[in-house]
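Trainee: Before I ask anything, let me first share the structure, which is written out below as structure tokens.
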Amino acid sequence: MNSHNIFGQLWANSLVYFSLVHMFVIVSANVEELYDTKSRTSDLLWTKYPESGGWEEVTGLSLERDSIRYHQVCNAVTNPSNWIRSPYIESKGAKRAYIDVEFSMVKCEELQTGCSETFNLFYYESDTDQSSSTFPPWRENPYVKIDTIAAGERFSNIEFSREEGMNRKTWTLGPLTRRGFYLAAEDKGACMSLMRVRVYSYYCPNVTNSLAKFPRTVAGNDVASLVEVPGKCVQYANSTALEAPRYYCNSNGEWKVRTGVCHCKPGYQANSLLTSCEVCGQGRYKSSHGNEECVQCPAHSISAGVSSTLSSTGKKAASHFCVCEPAYYRTTNEDIHSPCTKPPSEPTSVTFHVNQTFVTINWAPPLDDGGRNDVYYNVSCDLCERRSKTGDAVHNCFPCGSGVTYNVPGHQRIKGTSLKISDLKPFSNYRFKIFAMNGVSASSETAPERALVFAVTPEAEPSAIIDPRAVSTFDRNFTLSWSKPLLPNGMITKYQLVCDDVTATNGKFAASIKSDKAPLLLETENQTITVASLKPGHIYIARVRAATSTGYGPYSELVTIRTTRSSSDVNRSQSPIGLIIGIGVGACVILLAMLAFCYYRKQNISRERMSNESSSEEKAPFTGSKEDNLIVRLPSIGGPRIYVEYPDPHKAVRDFHCEIDISDLSIEETIGRGEFGEVCRGQYHCGEVDVCVAVKRLKQGADAKDQLNFLKEASTMAQFSHPNVVQLKGVVTKSRPQMIVTEYMENGSLDVFLKNHTDTLSMVQLLQMLKGIASGMRYLSSMKYVHRDLAARNILVNSDLVCKVSDFGLSRTLENDPHATYTTQGGKIAIRWTAPECIRFRKFTSNSDVWSYGIVMWEVMSYGEKPYWDMSNQEVIESIDEGYRLPAPYDCPVCLHQLMVECWAFDAKHRPTMNDIYQRLDALLETPSNLSDRNLEQPTTPTTETAIPISIPA
Ligand SMILES: *[C@@H]1O[C@H](CO)[C@@H](O)[C@H](O)[C@H]1NC(C)=O
Ligand SMILES: *[C@@H]1O[C@H](CO)[C@@H](O)[C@H](O)[C@H]1NC(C)=O
Ligand SMILES: *[C@@H]1O[C@H](CO)[C@@H](O)[C@H](O)[C@H]1NC(C)=O
Ligand SMILES: *[C@@H]1O[C@H](CO)[C@@H](O)[C@H](O)[C@H]1NC(C)=O
């Protein structure tokens with residue numbers, strides 16, 4: 001017991017040291033610990049044999065004051081056999097186990113008793129923990145001896161330093177074949193401590209290497225053995241059977257010699273450690289299996305599926321290709337590595353040139369080629385309807401079809417930047433679209449960008465008239481009609497008829513008519529013409545041709561006409577009849593003049609009475625109107641209601657106090673030029689407001705007579721105050737130049753206004769205008785003022801389309817009217833607007849103004865057409881005398897034409913008064929249904945009984 005205590009003390013001390021010098025060299029993750037006494041702090045539970053007197057388990061202290069359990073034996077019995085056996089140690093699959101044993105032994109010399117200096121180590125394999133105190137039997141067989149262990153040089157001795165007494169030995173067990181085993185030690189009489197028994201094995205840990213996963217693998221049972229371990233590719237990687245990944249685990253639990261390879265799938269790339277495959281980042285892609293890196297998406301593409309997969313799984317999508325950004329495309333020939341491109345922008349700098357029936361279009365390449373170099377152009381041609389004479393024809397366009405010729409074959413795929421298109425129709429509107437396209441245009445859903453060209457081909461000569469025919473033949477006249485040429489090639493401006501008297505020229509017609517020297521050459525705008533003043537019973541030949549602004553088309557075939565023979569042949573002399581008519585007319589005129597005189601006197605008396613009683617009729621439109629305060633010092637209500645001609649207009653200016661301070665006037669721009677000087681638009685500062693005014697300025701160097709006449713107009717106007725008579729605002733006489741200031745009429749003169757608004761004004765608007773003019777004229781006639789030059793050009797239109805009578809100059813009016821002509825009696829007259837009695841006798845009355853009013857009506861209804869068209873003044877005078885009257889304009893209500901015809905009563909007394917006219921127009925406006933009966937004939941065809949066709953003398 002005593003010695004036991006000594007040794008106990010001894011081993012405990014040495015143990016402290018062992019812990020200090022860390023005896024266990026192999027401290028590695030690749031070691032599988034199977035058993036270790038050191039880790040146990042309570043009973044080790046080894047089985048002892050014999051139960052007592054042999055091995056005993058004791059406790060020592062480690063440096064950390066942890067208790068440690070170990071076995072010791074030291075009984076000096078002769079020939080003893082003391083066994084201890086470990087608990088069942090599971091081998092955990094190890095084919096080879098390592099056993100570290102640490103022990104110390106006391107040299108026998110140190111002891112007085114007989115002693116041994118070795119002990120035996122055994123093991124026993126078993127699949128189950130089946131041991132007991134008697135099984136397996138305590139002897140070498142069934143136990144398998146591992147070794148007989150000697151202390152070697154190292155013995156423990158109290159004198160020796162402690163570390164030198166400790167032995168450590170390692171054995172290997174194997175190959176192990178069972179699930180586990182027991183270790184046993186037999187003491188043959190030594191004095192020793194079995195300080196620590198540790199059993200372990202080696203394994204290769206699971207590892208991910210080169211994108212393959214290898215499982216934890218127990219090392220082989222042989223020192224030299226290498227365990228081949230097949231790997232498994234990581235997620236998103238695979239490999240081929242030939243290149244399957246393999247790794248070898250050596251007996252030390254070290255992985256050696258890796259073979260095979262794994263590749264990341266498309267859309268994934270290996271991380272830097274080659275331990276996983278990671279999704280390509282945004283904007284990157286990888287198209288193949290392999291371990292190359294993801295690369296940047298080509299230009300204008302984005303990694304595929306990013307958005308969709310992100311939204312559904314919340315993970316980044318693996319892009320094995322990149323899709324084009326919206327509005328970018330690839331052609332079918334381009335692969336996923338190609339950049340995406342887009343259609344080009346429109347062609348630039350488009351110019352075109354029309355020459356007769358061909359157009360040359362030039363353009364420059366688009367500013368943006370969409371990232372491609374295969375730009376081409378597709379030119380389409382459309383023929384469009386003409387909307388109007390000046391319309392820009394974006395209206396009812398249809399493809400040109402095969403009628404046109406392109407100088408480039410395949411005009412739908414032009415590489416160059418110019419194209420000539422020929423065989424266009426004259427006088428047509430064409431629309432060309434130049435589409436810029438490239439390889440991806442077909443993929444794009446949006447229409448290709450294009451430039452537009454609108455080309456108008458010029459007029460050309462019309463084609464021949466194919467069907468001239470005589471529609472009526474009389475003794476002295478015949479009428480030819482024809483249809484429009486099949487190809488007008490423009491606006492037909494006129495038709496020309498040449499006619500020759502075959503009978504008179506004795507058959508030499510061919511030469512004369514073909515040399516364009518035909519004695520009879522007539523022109524018309526219509527498709528019918530009457531040739532008059534012919535000889536009865538003669539044979540005539542005629543042919544017609546049409547003209548556009550470009551020139552004449554070819555003549556038609558000749559038409560042969562024979563005039564009938566008639567009885568009127570016999571007494572052709574018209575002079576007696578003419579004389580009789582002349583005398584009759586003269587008598588009538590005298591009679592009428594007398595009657596008219598009486599009538600006028602009566603009228604005057606009643607009118608004066610009326611105006612004294614009430615002037616409401618003419619003043620009514622002004623009451624409360626905002627213009628009221630703009631009227632400059634008009635004659636007061638009680639002033640003259642009958643127009644007074646002032647011999648000295650300066651007196652009128654004084655009388656009417658209409659002088660304007662020049663500082664209240666600012667001139668803005670010149671809008672026209674009159675006979676006395678220019679007409680300007682200006683602002684008149686009147687009271688608190690600025691009024692837009694027209695200012696007539698007397699030109700520099702005007703003589704006294706001019707000045708007088710200039711002011712006469714003002715003195716006339718100053719006496720008028722009516723919404724349909726241009727209003728005088730005042731005059732400037734105190735400074736030079738002298739000026740007449742009137743209200744400003746935005747829409748200018750009625751004739752121009754009508755021409756500019758052809759077919760755009762409604763019937764009611766036209767009637768309103770006519771009624772306005774009638775109202776103004778009624779007022780003037782009530783003032784006993786005779787206008788003498790009433791015509792559309794002397795009516796002004798304001799922005800509200802209100803028409804106002806203007807131009808009150810007296811002598812000068814007609815002298816400067818381009819339409820006026822000198823009559824045989826001297827003086828100038830606008831023949832076409834003037835009643836016959838004025839032309840003959842210079843007898844101007846309100847009734848002759850009514851005639852002019854009828855002409856104005858006709859001008860309005862025909863949108864500014866020139867009365868009597870191209871007839872000469874002489875022809876007009878003669879045809880009026882013969883009873884011809886202007887026919888109803890196209891679309892003119894019959895009742896309006898009826899009113900015109902009444903205005904044109906040859907006898908002035910039979911014409912309606914301005915008041916009558918006003919009332920009738922008013923009534924018509926009340927019941928517009930009366931307007932529905934329209935004239936739909938061509939304008940020159942007479943429609944009333946009083947009219948006869950135009951008759952043009954040869
Ligand atoms: C790996 O993936 C590719 C592409 O899907 C396939 O062709 C190949 O057969 C796969 N290999 C293995 C071993 O699954
Ligand atoms: C129009 O074309 C003709 C030939 O067809 C040519 O002689 C002429 O010079 C051209 N005119 C213009 C203005 O280009
Ligand atoms: C070219 O234009 C024509 C006419 O517009 C059209 O029919 C054709 O499809 C276009 N060609 C291409 C390639 O777009
Ligand atoms: C043609 O002459 C006939 C008979 O002389 C005459 O009745 C008719 O009005 C004339 N026609 C024209 C349009 O002058």
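Each Cβ is built from the backbone N, Cα and C atoms, and glycine gets one as well.
No curator has checked TrEMBL annotations; they are predicted automatically.
According to TrEMBL, the protein has these features:
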type     : residues                                                                       : note
ACT_SITE : Asp789                                                                         : active site, proton acceptor
BINDING  : Ile671, Gly672, Arg673, Gly674, Glu675, Phe676, Gly677, Glu678, Val679, Lys696 : ATP binding site
COMPBIAS : 939-954                                                                        : compositional bias 'Low complexity'
DISULFID : Cys74-Cys191                                                                   : disulfide bond
DISULFID : Cys108-Cys115                                                                  : disulfide bond
DOMAIN   : 31-209                                                                         : domain 'Eph LBD'
DOMAIN   : 343-460                                                                        : domain 'Fibronectin type-III'
DOMAIN   : 461-566                                                                        : domain 'Fibronectin type-III'
DOMAIN   : 665-925                                                                        : domain 'Protein kinase'
REGION   : 931-954                                                                        : region 'Disordered'
TRANSMEM : 577-600                                                                        : transmembrane segment
Trainee: Please give me the CB contact count at 10 A for Ile671 (ATP binding site), counting all chains in the structure.
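Mentor: Ile671 (ATP binding site): 14 neighbouring Cβ atoms within 10 Å.
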Trainee: Determine the mean pLDDT over the domain 'Eph LBD' (31-209), rounding to the nearest whole number.
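Mentor: Averaged over the domain 'Eph LBD' (31-209), the predicted model reaches a pLDDT of 84.
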Trainee: Around the ATP site formed by Ile671, Gly672, Arg673, Gly674, Glu675, Phe676, Gly677, Glu678, Val679, Lys696, which additional residues qualify by having Cβ within 8 Å of the site's Cβ center?
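Mentor: Once Ile671, Gly672, Arg673, Gly674, Glu675, Phe676, Gly677, Glu678, Val679, Lys696 are set aside, the remaining close residues are Cys680, Arg697.
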Trainee: Have a look around Cys115 (disulfide bond) and count the other CB atoms within 10 A of its CB, chains all included.
Mentor: 18
Trainee: Same-chain residues six or more away whose CB lies under 8 A from the CB of Gly677 (ATP binding site)?
Mentor: Lys696, Arg697, Leu698, Lys699, Gln700, Ala702, Pro737
Trainee: For Gly677 (ATP binding site), what is the secondary structure by DSSP, using just helix, strand and coil?
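Mentor: In three-state terms, Gly677 (ATP binding site) counts as coil.
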Trainee: Quick one: DSSP breakdown of the domain 'Fibronectin type-III' (343-460) into helix, strand and coil?
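Mentor: So the domain 'Fibronectin type-III' (343-460) is made up of 6 helix, 51 strand, 61 coil.
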Trainee: Hey, of Ile671, Val679, Asp789, which of those recorded positions are within 10 Å of Cys115 (disulfide bond), Cα to Cα?
Mentor: none
Trainee: For Cys74 (disulfide bond), list the number of other Cβ atoms lying within 10 Å of its Cβ atom.
Mentor: 21
Trainee: Tell me the residue counts in helix, strand and coil for the domain 'Fibronectin type-III' (461-566), as DSSP assigns them.
Mentor: 10 helix, 42 strand, 54 coil
Trainee: Hey, what's the Cβ neighbour count for Glu675 (ATP binding site) at 10 Å?
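Mentor: Step by step: centre on the Cβ of Glu675 (ATP binding site), count other Cβ atoms within 10 Å, giving 15.
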Trainee: Based on Cα distances to Cys108 (disulfide bond), point out the closest of the recorded positions Cys74, Arg673, Glu675, Asp789.
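Mentor: The answer is Cys74.
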Trainee: Counting across all protein chains shown, how many other Cβ atoms sit within 10 Å of the Cβ of Cys191 (disulfide bond)?
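Mentor: Looking across every protein chain shown, the total is 25.
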Trainee: Work through the recorded positions one by one (Glu675, Val679, Asp789) and name whichever has its CA nearest to the CA of Cys74 (disulfide bond).
Mentor: Val679
Trainee: How many Å lie between the Cα of Arg673 (ATP binding site) and the Cα of the residue listed as 'active site, proton acceptor'?
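Mentor: Rounded to the nearest whole number, the Cα-Cα distance is 19 Å.
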